[in-house]
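What TrEMBL lists as transmembrane segment is B:16-35, B:42-61, B:102-123, B:135-153, B:190-216, B:237-258, B:270-297, B:309-328.
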Amino acid sequence: MSKTNFTRRGLIKTGAATGAGLALPTIFTSGAMGFTNEPTGSTVKLGFNVPQTGPYAEEGLDELRAQELAVEHINGIGDGGMLNTFSSKVLDGTGILGKKVEFVTGDTQTKSDAARASAKSMIEKDGVLMINGGSSSGVAVAVQSLCQDAGIMFMAGLTHSNDTTGKDRKANGFRHFFNAYMSAAALGPVLKNVYGTDRRAYHLTADYTWGWTQQESIQASTEAIGWETVNNVLTPVGAGDFSSYITPVLQSGADVLILNHYGGDMVNSLSQAVQFGLRDAMANGKQFEIVVPLYSELMAAGAGDNIKGVYGSMNWNWQLTDEGTQAFVKSFGEKFGRPPSGSAHTCYVQTILYADAVTRAGAFNPCAVVEALEGFEFDGLGNGPTLYRAEDHQCFKDVLVMKGAENPTTEYDNLEIVEVTPVDQVIYPPNHPMFGGDEASLGECNDGA
Amino acid sequence: MDAIILQILNGLDKGSAYALIALGLTLIFGTLGVVNFAHGALFMIGAFVAVSLQRLFGMSFEQIDETKTDFLGNPLKVNVPYVDSWFGPDVGEWLIDWSVPLAILVAIPVMLLVGFVMERGLIKHFYKRPHADQILVTFGLAIVLQELIKYFFGANPIQTGAPDAFTGSFDFGRLIGFDPNVIIYPYWRLVYFAFAAVVIGAVFSFLRFTTFGMVVRAGMADRETVELLGINIDRRFTIMFGIAAAVAGIAGVMYTPILAPNYHMGMDFLVLSFVVVVVGGMGSLPGAVAAGFLLGILQSFASMNEIKAIVPGIDQVIIYLVAIIILLTRPRGLLGRAGVMED
Amino acid sequence: MRLLGLSRKDTRFLLIVIFLTMATPILLQPFPEGSGLATFNAGYPDLMQRFAIFGIFAIGFNILFGLTGYLSFGHAAFLGVGSYTVVWMYKLLDYNVVYGLPLAVAVSAVFAVVIGYVSLRRSGIYFSILTLAFAQMSYNLAYSVLTPLTNGETGLQVYGNDPQVLLGATEANSPHFFGWVMNDNFWEPVIGGWKFTFNNGYYFTAIIAIIAFYVSLRIFRSPFGLMLRAIKTNQTRLNYTGINTRPYTLAAFVISGMYAGLAGGLMAAMDPLAGAERMQWTASGEVVLMTILGGAGTLMGPILGAGFIKYFENIFSKINDSVLHGWFGFLPDGLEDFLIGVSHFFVGKSWHLTLGLLFMLVVVFLPGGLVEGGQRIAAMFRKKSGGKDDAAHQPKPAPHVAE
Amino acid sequence: MGILEVKGVGKRFGGLQALSDVNLSVAEHSVHAIIGPNGAGKSTLLNVFVGKLIPDTGSVMFNGQSVLGRKPHEINQMGISRVFQTPEIFGDLTVMENVMISCFAKRDGAFRLHAFRTVAHEADIVEHAEQVLEDVNMLDKRNMHAASMSRGDKRRLEMAMCLSQDPQLLLLDEPTAGMARADTNNTIALLKEINQKRDITMVIIEHDMHVVFSLADRITVLAQGTPLVEDTPERIKGHPKVKEAYLGESA
């Protein structure tokens, strides 16, 4: 078989398949066009920019699964998933505004530079109108500001730092995922119930922006319930062995350890804390406890038995029983043979929300989409009634407080839902000091024209 | 005082890992003159031998448990490990429980083989090539190895626990006259330290007391002379490469309960172990070990709150800072020989 | 024809480089839009800019490593310093890159003098580890405690409340050079199915890259360059010949540091955000790989190496299942699935694997790097056509001596 | 007063007294040979002259200036060139480039940042280097890779590099080691010519007595780090001490 022949045949075939619906990208501000990457053919392209290499690669792959599913549902393939339960009914399975949705994927490598390079290639080469995905706040902020400058939409994936919709908020960027403040606000009352008000907390914090905002938030909310903060120790990212940070904890007079870590760092610090006997120890006459403010399924799986009984929070979990969740889990589970993770959920929802907003606005112009999303209230996407707040483009919805399950039956239910904290308890004013105060501003929406 | 003793223990533990990796790296530097950027990958493969064995023992068939349901609402399938059904739950559970230490038995032959294949198939063609080429080819190999592991095991860390017997903590303080529960230290970390000491001791005695070792040491000092004596140094070097790989591998196996293995752990350790080797002095095995422990302990001390309060961020840079200071005061590291990798 | 003090051969060489650089937007778009192979097109601004920028980085690195043999594992530090400098100039003055770029070169030169002065007290691997240590310290600190200066994980960027004292009312709100806005395209012709993008930023970097290349060409041919090559082959003899090697190596180190600073500055000029990870050891390692892969010590090698790696990073990582289905869709199902399954090993999330394999293949079969591959092909053609000996794209094949 | 005056030089390596109380005076224009059994300290002494080693005691004056504490390149710039036992050349460069480097070193000194000049356009250097290569009969090999030449050619190249700098003092470390007799004789002739025509003073370390007695004006016999005798070749030949320490064994 000759290789040249082989590729040429492929070329002709695919050329015919997509040629008709050619959507030529126009790049950035180039004058004559209406707005960046205005779709002219019968298709519209979205960009899914997720980590495919590096420590968060699994999360990225799960996001990709969900995004692929969302595109199918929007294009009318499959069972429709959460489109059936979504309170807005404008999406009818014929794509977006009659244009079939296509997507391109890229690798963020969980590095701002690589993520921006990948996003730029999507914008410049593939002509995408919206970028979605990601698994860290640094990347989210970096890509968000790029999308703002380029004049396309950014629908954040997993990003938990307050900054994304705080001091780094942008008009073209929207976040469905919850944030450090909301995690802390939800956890506070629950921790008060289970561990009481007389506790002394020791923080280990990943030494970078997300870690700091997480720590700041949880410290504020635990102090609000009367806890004392003994110490806050910053640990290098990717430290691997946290022993030298863990050993001083028991001597410090603390009786709670709060791990402001994520990903591999959290898996290691939690496992090692358990290894050092912290969960079995008694301090100040009380059982020593560990809290992990932000959980994810993949982290929980990595930490294994060590998470048993450890409290944390999540944006969403497949074990919720509402209609939307059930529809999504069913359609995801049937396609991929596993329940979706929280990061998958948020990417799915963000893609649906974007498609819906475009349809409601009746236009792809990002400024119209922004307007459609701002202040949008919806339900049926798994988190109950939700508001996309206009002031900072943050979604407000209930927050899940989770606990490591004592007796998981499968590899997917090692976390259990302890409480669904109502949205009222986690809401905050848009000019909250942790969110950039009065200075924080979305700026003007940019359509690249 | 107790805090300092704890940090010394932490440092010895960290140092054990550094020293074991650096030991293998130095063997390869010293005997073969090859800069092996794939050495971290060997450590990682060792760790995944442990993961594989645990998975192998945990391999199971499905039994349907009608009383429970899975996430889609279907009857729950419960997995029963084959080893349980073959050897009975007692032996089966024991095997699963002890899979990490048992993995050493598997890892030694596997890593020797990996080492032999690597040396014969690739590295030996690079003895006479510039270091730059060695770096490129071993770096390429490291990427390939880690991507293969990622392909089969995913990118997430995989918790691989120590046997239950070793999960608790040992009251080390009481042993040396402290109050109870002041200095407690996890059993497994003490095991790791002891294990490292044994491996290091074994490698040293092997080089010192066997004819093989003497030839290799002579070869490290002056390859040409040994070859003139008609000794087939090549074959011995192949074996040495295998041994270095095995040392890295079993170091990885035993480290899994301390650090949940992931596919990029090799790269994470690579840079650090190079620093350790160079600080110890090129071509010096005792230097590599000494530097490993020295840097481990210093890193632990730098992580103490009292120190961090004075110099913020010192724990982030201490290893590099110490490396710079040592290399400037001692041109060839702690115990390096002249002329090794100086050009 | 001789140009700018170059020999006839070098003039021709420079003209070829200029032509290739200027025609890049066309050359890198060989496939029509919408075709299955359009995935392999690389003629979009960001990637072209990256080719030019990393080309500059690698050209500079080659002046140190290729000529003197000193293998620095910390050059990414200068890249980062350059970027931070430029973004700070945006924040303090305005978006005109004219302030930031020269300053980026100057600041990285200062860093290079300090780091080089200390590190060059040692040679061989001891030198490499010293440079690595400096760069890793810079990275770790930039990521954490120096956040007020670097904005840490998020990356340094311009905020609305920054002073920007020189910002005019009508001035562009993104990097520009006296109004020549980097993000803009000055011409986007669509010819048949082909679409070409002529981007301001790319031509800005391309012109700087050509100048950088010309300077490096002059250095290669200069007495200074000769001394650097002599350092690589026999430092002892050089000392006994009356040459003080230290200032030569330091000069080479600083020059290459300035190139790195320029490259870093240009990165920020194309994209006004500077992330700490561009100082990480992997970034330093990347330029080492680029140089060796292309052919260390050759003029063209580092540029080829830079292009090669960036191409894989940006193009291969984007090949996903739907693209694969597009290619193999015409095949019978079983075969299609099989081919897609095999491809999974090499593209998309596995692009690293392909890169690793190619590193190994190149270094095993082309010891002189990609340049050697080019030479072999050229030699093959020459043999066939019986033409006269053509100017090799390098002063001399870099010989490989053990140790 | 000689061009090179060595007074009371001593050097110790750990337990080994490599040199002790070495006194030596090398007269201008002469060829001064240093001989002695293996381990007598000849090479150590040479390394002291070129700045590779710093003695513990004593002084070494070249043209009335001390060389001690100076770097090898500084000593070279003072007018001392050295030929090594195993030729030290720039193996990766061409023969022409090898010689040009020493010409540059002579013209521009220890460091000059001529990054924007072109080697090929430095007419004086090119001319000078070609002249030197012609002098040693190597002009036809100007574009050869230095590393690919025969050992004899490498030695000639190294010699050419030294000569191109027109040194006042040339230090030669066993210049004929490993050469066939015919080559040795050629080298002797070459060195003689250099000494006489160019007026270059030479210090030569040599085992081959044929070479020593053909060339040397004066000979110093070194044994166990100390000069035994210093005299003319004629006298050395018959000297009982020398016979005992050195010649007797090898004869």
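Using N, Cα and C of the backbone, Cβ positions are placed for all residues, glycine too.
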Taking the transmembrane segment (B:16-35) as reference, which of B:42-61, B:190-216, B:237-258, B:270-297 has the most Cβ pairs under 8 angstroms?
B:270-297
Could you check if the transmembrane segment (B:135-153) is in contact with the transmembrane segment (B:42-61), meaning 3+ Cβ pairs under 8 Å among residue pairs at least 6 apart in sequence?
yes
Residues of the parent chain within Cβ reach of the transmembrane segment (B:309-328), under 8 Å, 6 or more residues beyond its termini:
272, 275, 278-279, 294-295, 298-299, 302-303, 334
For the transmembrane segment (B:237-258), I need the partner stretch with the highest count of C-beta pairs below 8 angstroms, choosing only from B:42-61, B:102-123, B:190-216, B:270-297.
B:102-123
Best-contacting stretch, by C-beta pairs under 8 Å, relative to the transmembrane segment (B:270-297) and drawn from B:42-61, B:102-123, B:190-216:
B:190-216
Positions on the same chain near the transmembrane segment (B:42-61), where near means CB under 8 A and six or more residues out:
21, 24, 79-85, 92, 95-96, 99-100, 102-103, 106-107, 110-111, 114-115, 145-146, 149, 153, 158, 160, 244-245, 248-253, 255-256, 261, 263-266, 269
Sequence-remote partners of the transmembrane segment (B:102-123) [C-beta within less than 8 Å, at least six residues beyond its ends]:
32, 34, 36, 38, 42, 45-46, 49-50, 52-54, 95, 137-138, 141, 237-239, 241-246, 248-250, 252-254
